[in-house]
Each structure stands twice: as C-alpha cells, then as structure tokens.
Amino acid sequence: IRDSVFVEFCVEDSNDVKVNFDKLKMEFNCVSGTDNIKHHNTVDLFGEIDPKSSKHRRTDRSVLCCLRKAEAGKSWPRLTKDKAKCNWLSVDFNNWKDWEDDSDEDLSSFDKFSEMMNSMGGDDLPDLDGADEERDSADSDDESKYNSEGPVL
C-alpha cells in the first residue's frame, strides 16, 4: 500500500475505456449504458507516479486503477494536488489499511496484483468480476486512510 494508490471509477457497462497515466496526472475516459453517456475525468495527482508501472482493469461495474508511486513509502496526505474537496471522490474503507498495522510478511497490494498477473501469464490486472478486459494505462478511485487533515495515501 505504501508504494501504490488504488482508484476505482464506478461506471457500469463501460465501453471504449481509455486511461492515460502521466507523472503527475491521470486521465479517464469511457462511454457507458445504453444511452452511451460519455465520462471524462482528469485527476492532477498529489505526487508523482510511474506511468509505465501503473495499470488499469475494466469490470462490468467499474474501472480499477493501480497507480504505482514514483517514491515508494512516501505518504500522500490526499490523492489530488489541490486541497479542495472533490464531491465525486471518497475513501473505500473496505480496502483501507493503517500504515502502523503493516507487517513485513504482508505483500503490498501491487505485488499481489503482479503475482496474479504473472501466474496468469499475462500483463493485465486479474479479472475482478468476470468481465472482459480492456487495458490502456490505468485510472481509478482511492483507497486510503485518514489523518487529522484527510486521507493519507
């Protein structure tokens, strides 16, 4: 968790998913539903990521992105560069892990994803809910924890 940030865009029945990673931002685009509603989101990130190591995975219900931090172990006080509260962004406490509870025997979530990808013989994130996969870069929502000033990523 210290070396990765997970972002999940909750968009059902997405098509034409495009996720682009840059060092300081990620861009998400897709079309969803029978009405072909267009979704676009650009997130200016708090810190730098490694665009080549970051990945995304489309499911029937969402697009999950795993952003690999450029500086592993460095905490982020929030996901976004700006301190402004984003009404579309929330913490997924089901996947939140307190840094003080980390143990050396636990693999990071990114390493677990990598092991699953290697065991599958491919370069994609695992099929999280049985959906067909689409892969570009990676973008998603945020799993983090809170300190007195907000989430720590």
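Cβ coordinates are placed from backbone N, Cα and C, and glycine is handled just like the others.
Record features, source TrEMBL:
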| type | residues | note |
| --- | --- | --- |
| COMPBIAS | 124-142 | compositional bias 'Acidic residues' |
| DOMAIN | 1-80 | domain 'CS' |
| REGION | 113-153 | region 'Disordered' |
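Across the domain 'CS' (1-80), the DSSP tally of helix, strand and coil residues reads 0 helix, 44 strand, 36 coil.
The predicted model assigns the domain 'CS' (1-80) a mean pLDDT of 93.
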